[in-house]
């Protein structure tokens, strides 16, 4: 039947506003949810029935229309469509946003997709979106020019004005100076006049005084002076001297002198006055000049300032580019400078407008391509990142502006329910709170815009709306997370998807299922291997519907309702019905944790009393179950196909071998082993020892008459051969009459009893059977009966009768499994019986302390005392003392163990339990009877003080305290290890989940060389490693050269023996590592399925098996990165689980080893400070020979230096010989030899604690390890290539597991390593259209290159990438698988932008969308049916449809056919549709149409 779910790919992309509106059934405009009085949804609210559909089936909101007959009617009163209420799980609504908002995934992701597209840094983008900065969205170029001219004109006018003002000031200053100078001239003349007048007055005074004195002297002439006569203070005549003519002359002289002095003073005063005037004049002139200069400077300053201002404004105009981000201040300035020239805005609306106006994807792609070609380094890296986003948009058909939301979808109400609690309060999904915030803010914003509110208020409301939408989509991604009541962070849509509790992991990959139950398990020793005991009460509940149906069929109840009542009342008839229903019905048993596929197996249910599930003891190993309170879950496979699959594939008796290593996992253990060991022991001297019997029957008779002990050695004559070696004497006897070999063997009754229970081909085993021996019996039984050569036609027909006509290999597998299951059950019964009869148990008396122990301890104490003495004397260091003490006590512990071993009674229960492998080992017995020995402290360092006591003697308080360290560490270690191993398994499953066997043969010629085990005892023998592989090349006998086996032959046990016998030490086999299958693997590269021992079938999910095989034993690995002790190697060597993680995550290992970077010779150099350096010197010599023809002579000297292109010889007619090398030339007779040395050196500094592995002068190869430690796989890949790193990873992982005694087949690790190396990084894209640095699947890369080469283009080049499993999982082609693994939001963001198509090739993606997985029986549906089959089916459907039309109305049932748009087509159109499709197919057009449609639109379901 064609189904609407029958599509083969799913696509994710960005939703356009139109898409969101088309999904929606109405706009949500109110934040209300439900009315608290009526408890009915509010109209236009988040739960509105008009938008999302009715809350009750077939009933509208107001109750006008009730019942199904009104189906599809839309109520004219309340507007609700009458339909089923489940539409509320699928109908969406929408909110028209008052202002666009950005989608936070595309803004805040790393890298920010929106930021890359617009070439804006995430910080700036955030500032714009959250209204802190403006972004220019429009610049009017014509207005810009006008603005520029206006600015220039304005500044020119301002300059003119300033210059004019300065000129006026200059004139004013000049006039002032002229006036000042004129005034000074006048003042100077006035001063001169005053001086002249003053001196004239003084002269007159002197003349007047002289005249008066003369007159007096003339009066007194001829007399003696009676006193001194003075003239102006100068004596003219002294007292007593005569006054005469001379006296008058003297007076004239004095007058003359006085007048001269006066004249002198007058001249000086005039000169001083003139000088002062000149100085004042100069001062005034200087001040005027200074003022002029200041004026000039001020003018220049103002002009410069104007120039700068003008330049700045013009520059600001020049920077007015669309997309420029400006602050509030800058915006205001620019608005003032150039009003109306540009438009800047804030928020998501601005960004959306910018995208619509400026982003031309094609043009941008071309520009970025050119930049990648022309630039280097960081610029090129950025351009590549941007181009990746641009190309994603171009190829996907998404529009960049859809990253900004204008319409917000509202998810269906039943996905964000609101439920009433007991107290009348309501519990609601966080999403309702988040939606309510968005609606409130949106409505408020609408109102503010209508009211023309101030810009700042509107802007704030827009920012709050943006934040509300951010919180709804991904709460807490930016800023503080929105919290609800009680500080609890609200769960957003992103939180609904991601993490362990998210939609992917909680609901899509991990659904809870109906028809299941769980209970405690107890052992069911009487069950057969394929049975389990199911408590009746549990079975009745699980099979309730089946029982009810059976009661109605048998007439016990009239209808289902009565039957239900009968079952609930548990009437006696119910048990009979249950017995009938459950007969041959299979149930699945599962024990958590389900670490591998054997954790879920199918069993036939046997009804039992009680409440515990009974489990067969032999399947405990597969489930890792014990009976100390473990619980198991039961599941009922319902459909016929599920039952069939459970029977053919999951039944416990068909799961005998472990998929991890191919050995039996159904291995007897504990009591069974002990019983069989007890049976096959030989006790010399027991009752009847040495007796001889003519046959087995005779010996058994003697045993039954109690004449023999079960363990007594007796001689028996028997026919046939021995299986394997005997541990007792055997004597050959003459052949019997029919040619059968006969012998006389020494054996015991116990061994006869055991062999009686073995299948005839496995007899006669005459040796002590321990756990290993029982495992061999099971393995031999399976191998014998699954080998077609050993089966008769009758045996195969027997299987055919019960299992249908299958392939003979499959029949052999089924027969072998059933025979082995029978064998296991018989051994189980025998083991339990004789463990009981033997009565072996442990008591305190069985633990005997050996007498030797005390001597050993005393001796050790003496040795320790000697060491202490040496230390005190300073002969040894503290570290040496510690090492020696630890060594002494370790040796003492070893000797004690040996003493305990020797002291044990081999027939005692303790020794039997230990040596048989039933329980316990010699170390544990030694702790009870010997000494406990050394313990570790919390850091893992050994405490040098041992516990000398044992548990039999009892521990002292100190002993007990010291041993608690180790105990506690052990518990903590186990808890942590379990979580780590679980996470490792999850990552492994994720990386390999799409590795499925998809094709028969990929045809590759490549393969893997398997070599014989070298000195590494951890590696397995070649015979074991090549078993189940397929030869990649023919193999020949080493000496004779004859063909042993051709290519593509499976290496089975016989062929493996033949290959080794031929002397071959290595084989070239196919491997998952070299498989060329485009998806998954091919059968031949994988080889044998270890769980069946046969070649793997198509559809086997080998990736999951590999992951489980590696992850399941993870808990057995240690967590420690432990100390090797000693100074020689002080580095910690990572081992156990951390080392496995290191390998699979391809991390740089702890204690990394140095690798040689080139081939060459080692020189170890040590400098003065003791730092060691390894120098590798590589010298390659190239020679070129030039014969000298007749007439040629050299133009160079012997041993002279020459360079490439130099003429080294000349001949007749100007002929020349030119050298191709640069080096030294040697002339040897009639030829010239040019030799060139290519010299390379590498230096590596050795860490101080590293041990060097190489010697001075040793020759090393590139990639060779130079120091101890682990190699970095990334370096190894670079130096030695892909094959070397594959080999290294597989071997290193195996070393860790083997060191812990865990056996895993190589091919499982190879599958994981293949996935780690699946991707290549593009270096040069050629003509492929890929991007440099892009990671792409290697198969896809090969396909693209082949296509390009066939079209004559340039192929791309790429480098192999080694990715850790986490990174490889996230780089898978399936976005559903990657999103359900980790980083959900990032994966979905990328996938949406790229418009990714998931072709549903892996398992996870199919589980997520609810399809059958493409593995096992599920792959049969995927293998395309031929064209004719499809036509046949169409024709049959058409015929059925016509018959249905002709049938009476009451018997006719409508079978609507799905139409491509997902709606049901009307019944009457059925045959028209079918007929049209059939005609298309018959005309041969149908296929073409379909393929075209698929090419055009990958997300349409294939019809």
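Backbone N, Cα and C atoms are what each Cβ position is placed from, and that goes for glycine too.
Here's what Swiss-Prot has on this protein:
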- 60, 62, 75, 78: Zn(2+) 1 binding site (BINDING)
- 626, 628, 630: Mg(2+) binding site (BINDING)
- 1002, 1075, 1082, 1085: Zn(2+) 2 binding site (BINDING)
- 1486-1503: compositional bias 'Acidic residues' (COMPBIAS)
- 1439-1503: region 'Disordered' (REGION)
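On its own chain, residue 1082 (Zn(2+) 2 binding site) has 997, 998, 999, 1000, 1001, 1002, 1075, 1076 as residues at least 6 apart in sequence with a Cβ closer than 8 Å to its own Cβ.
Within 8 Å of the centroid defined by the CB atoms of 60, 62, 75, 78, the record's Zn(2+) 1 site, lie the Cβ atoms of 49, 61, 63, 64, 65, 77, 79, 80, excluding the listed residues themselves. When the binding-site residues 60, 62, 75, 78 are ranked by how far their Cα is from the Cα of residue 628 (Mg(2+) binding site), 60 comes first. Sequence-distant neighbours of residue 78 (Zn(2+) 1 binding site) (same chain, six or more apart, CB under 8 Å from its CB) are 43, 49, 50, 60, 61, 62, 64, listed in sequence order. For the binding-site residues given as 62, 75, 1075, 1085, the lowest number of other CB atoms within 10 Å of the residue's CB is seen at 62.
Counted over every protein chain shown, other Cβ atoms within 10 Å are most numerous around 60 among the binding-site residues 60, 1002.
In the structure shown, the C-beta of 630 has more C-beta neighbours within 10 angstroms than that of any other entry among the binding-site residues 626, 628, 630. Same-chain residues with CB within 8 A of the center of the 1002, 1075, 1082, 1085 CB atoms, the Zn(2+) 2 site residues themselves not counted, are 999, 1001, 1004, 1070, 1072, 1074, 1076, 1077, 1081, 1083, 1084, 1086. The Mg(2+) site, placed at the center of the C-beta atoms of 626, 628, 630, has further neighbours from the same chain whose C-beta lies within 8 angstroms: 521, 625, 627, 629. When the C-alpha distances from residue 1085 (Zn(2+) 2 binding site) to the binding-site residues 75, 626, 630 are tabulated, the minimum falls on 626. Residue 75 (Zn(2+) 1 binding site) falls within neither a helix nor a strand when secondary structure is assigned with DSSP, and so counts as coil.
Taken residue by residue with DSSP, residue 1075 (Zn(2+) 2 binding site) is part of neither helix nor strand, so it is coil. A gap of 58 Å separates the Cα atoms of residue 75 (Zn(2+) 1 binding site) and residue 630 (Mg(2+) binding site).
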